[in-house]
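To start, the structure under review is shown below, and the notes come after it.
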Amino acid sequence: MNFKAGFMTCNQRKPDWLKIKLPTGELSQEVSNTIKIHKLNTICTSGKCPNQGECWRCGTATFMICGNICTRACKFCNVPTGCPLPLNPNEPMEIAQSVEALKLKHVVLTSVDRDDIKDFGASHWVKVIRAVKQKTPNVTMEVLIPDFQGHEDLVSMIIEAKPEVISHNLETVRRLSPHVRSRATYDTSLKVLKQIADSGLVCKSGIMLGLGETRAEILETMDDLRKINCKVMTIGQYLRPSIKNIEVKEYVRPEVFEEYKQIGLEKGFSFVESGPLVRSSYHAEKHVLS
């Protein structure tokens, strides 16, 4: 392993700071059982999230709606790509019942991309949000949405459903975006985020490190987000979920993540979650207050 400027060049062995705990305990089992009973999808499992153990022990989970097969093929993502099944009309109520059964105080929703549907799944998104709010009106909500191919009217549908936080991830810096993301552009994502921020709702985005980006590019991405008044940013280490995915270029040391957190706060973000194991929904309940 070679060390330089806070980075560890990648080989097949992960550094010690990336060791994670497997999901254990009663609350973790309860979440797992509820998900199985209602035949739900979670990004916790589909995306091989390293925080699954921590979140499930706290009785929280990020539900993935619109199926578990994505119409895009981003090189970093572990979610299967292909031709999805039709949307499940019972999903809104099933999600709402699960949120109630788990006694969640804050829920995070995300989805696969559904480019096969006329409205890319936006109306289904609204049905799920409304079902959860009707069933559990005191539960706060974050929604991590796709880009809806940049259609403002579809993004407006999500805004009008009034979740407390709307998140959309840039995923990486501008230069790497065409190589890492599938059928998505950096500028389209910024446009979506600006529309969210302009609505007055909490706007949130995130990027992964370790894909070959430079420090200057990371700071430029922060500036791009602050220019459109994005309030919350997450920064985490990219971890290759399988040999089919893009390789990790480097492992960023924890102290470098902490430095980026401080820089982000100085640039005006209300919250910056930055660490090797940070993912989009990490400590998501805090971001409602931003």
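Here the Cβ of each residue, glycine as well, is placed from N, Cα and C on the backbone.
As annotated by Swiss-Prot, [4Fe-4S] cluster 1 binding site applies to C44, C49, C55, S281, with the evidence given as sequence analysis.
For 56-270, the entry in Swiss-Prot reads domain 'Radical SAM core', with the evidence type sequence analysis. Averaged over the domain 'Radical SAM core' (56-270), the predicted model has a pLDDT of 96.
Residue environment of C77 ([4Fe-4S] cluster 2 binding site) contains 23 other Cβ atoms, counted within 10 Å of its Cβ in all protein chains. C77 ([4Fe-4S] cluster 2 binding site) falls within neither a helix nor a strand when secondary structure is assigned with DSSP, and so counts as coil. The annotation [4Fe-4S] cluster 2 binding site is assigned in Swiss-Prot to C70, C74, C77.
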Quick one: Cα separation, C74 ([4Fe-4S] cluster 2 binding site) versus S281 ([4Fe-4S] cluster 1 binding site), in Å?
19
For the C-alpha pair, I'd like the distance in angstrom between C77 ([4Fe-4S] cluster 2 binding site) and S281 ([4Fe-4S] cluster 1 binding site), rounded off.
16
Taking the Cβ of each of the binding-site residues and counting other Cβ atoms inside 10 Å, which one has the highest number: C70, C74?
C70
When a 10 Å sphere is centred on the Cβ of S281 ([4Fe-4S] cluster 1 binding site), how many other Cβ atoms does it contain?
28
